[in-house]
Amino acid sequence: MAQPYPPAQYPPPPQNGIPAEYAPPPPHPTQDYSGQTPVPTEHGMTLYTPAQTHPEQPGSEASTQPIAGTQTVPQTDEAAQTDSQPLHPSDPTEKQQPKRLHVSNIPFRFRDPDLRQMFGQFGKILDVEIIFNERGSKGFGFVTFETSSDADRAREKLNGTIVEGRKIEVNNATARVMTNKKTGNPYTNGWKLNPVVGAVYGPEFYAVTGFPYPTTGTAVAYRGAHLRGRGRAVYNTFRAAPPPPPIPTYGAVVYQDGFYGAEIYGGYAAYRYAQPAAAAAAYSDSYGRVYAAADPYHHTIGPAATYSIGTM
């Protein structure tokens with residue numbers, strides 16, 4: 001049992017904040033540890049001296065090493081399988097993605113069921129589309145397979161085959177590159193302020209008195225549409241029409257051009273020299289004002305109330 005130690009003797013607290021001198025503490029009694037202290041046997045503890053060695057049990061290490069070896073080997077295999085598991089499912093996932101094929105040079109009589117029947121033997125098809133315009137089939141289309149592996153097999157088998165005398169081509173469909181188009185339009189209603197373009201694309205917008213613009217029929221059908229070169233029919237329609245008779249106040253003379261002014265719009269020369277009968281009763285100055293010959297003051301006090309100005 002532990003021996004009780006006497007309490008240490010400390011001096012009384014200092015008076016008036018002046019520390020007092022501490023006396024050295026009494027020495028603690030030392031205990032001799034050279035011998036062994038008897039311990040009650042009911043605790044079941046045994047003390048060993050440093051010179052005594054532990055008895056080695058034969059076969060303890062041999063039995064421990066195989067157990068440790070058998071435990072570490074399965075852990076290594078499981079770790080390797082865990083690392084390799086994310087790599088294997090990635091390949092089937094890529095193969096399961098849909099893939100679209102571009103089929104060109106197909107017969108013009110082919111429709112969607114015909115194209116589906118041709119490619120359906122290689123796998124499940126999600127979508128079939130043949131491109132048409134107003135005249136019919138354009139000779140190409142698209143086939144979308146559920147898996148890319150089926151699409152690759154169909155492309156290898158059908159590319160270059162002859163179908164009704166036409167060699168079809170099957171390739172992987174690629175996304176179309178979209179260019180940035182200018183959306184700003186400085187003109188009203190999308191019409192350009194040009195006489196020829198206006199007559200072709202918007203004849204009713206540039207209509208002038210005395211000019212037979214085709215505002216119905218073919219022109220109305222193409223109004224506001226993307227013509228893509230189809231305006232020749234409209235242009236030829238009003239080009240083939242006979243020129244209108246000249247108007248005395250040259251209302252039809254809008255563009256005094258050497259070509260259009262003489263052929264289409266009547267021209268200023270037709271007004272000046274093709275009216276001998278009208279010139280006898282009335283004459284006009286260079287500004288298009290027509291004065292009556294009976295007015296005695298037409299040349300002194302200005303134009304009379306009977307003059308008219310040509311419509312523009």
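Every residue gets a Cβ built from N, Cα and C, even glycine.
If you check Swiss-Prot, you get these features:
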type: COMPBIAS; residues: 1-29; note: compositional bias 'Pro residues'
type: DOMAIN; residues: 100-175; note: domain 'RRM'
type: MOD_RES; residues: Arg223; note: asymmetric dimethylarginine
type: MOD_RES; residues: Arg272; note: asymmetric dimethylarginine
type: REGION; residues: 1-104; note: region 'Disordered'
type: SITE; residues: Arg100; note: site 'Interaction with RNA'
type: SITE; residues: Phe108; note: site 'Interaction with RNA'
type: SITE; residues: Arg109; note: site 'Interaction with RNA'
type: SITE; residues: Asn133; note: site 'Interaction with RNA'
type: SITE; residues: Lys138; note: site 'Interaction with RNA'
type: SITE; residues: Phe142; note: site 'Interaction with RNA'
type: SITE; residues: Arg166; note: site 'Interaction with RNA'
type: SITE; residues: Arg176; note: site 'Interaction with RNA'
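Mapped onto this structure are the features recorded in Swiss-Prot.
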| residue | record | DSSP class |
| --- | --- | --- |
| Arg100 | site 'Interaction with RNA' | strand |
| Phe108 | site 'Interaction with RNA' | coil |
| Asn133 | site 'Interaction with RNA' | strand |
| Lys138 | site 'Interaction with RNA' | strand |
| Arg166 | site 'Interaction with RNA' | strand |
Got a sec? Which of these recorded sites, Phe108, Phe142, has the most Cβ atoms within 10 Å?
-> Phe142
Over the domain 'RRM' (100-175), what is the model's average pLDDT?
-> 91
Which of the recorded sites listed here (Arg100, Arg109, Arg166) have a Cα atom within 10 Å of the Cα of Phe142 (site 'Interaction with RNA')?
-> Arg100
Taking only the CA atoms, the spacing between Arg166 (site 'Interaction with RNA') and Phe108 (site 'Interaction with RNA'), expressed in whole angstrom, is 10
Could you say which of the recorded sites Arg100, Lys138 has its Cβ with the most other Cβ atoms inside 10 Å?
-> Arg100
CB neighbours within 10 A of Arg109 (site 'Interaction with RNA'), counting all protein chains shown, number 9
Fewest other CB within 10 angstroms, which one of the recorded sites Asn133, Arg166?
-> Asn133
Provide, as an integer number of angstrom, the distance between the C-alpha atoms of Arg109 (site 'Interaction with RNA') and Lys138 (site 'Interaction with RNA').
-> 10
Rounded inter-Cα distance in Å - Phe108 (site 'Interaction with RNA'), Asn133 (site 'Interaction with RNA') = 12
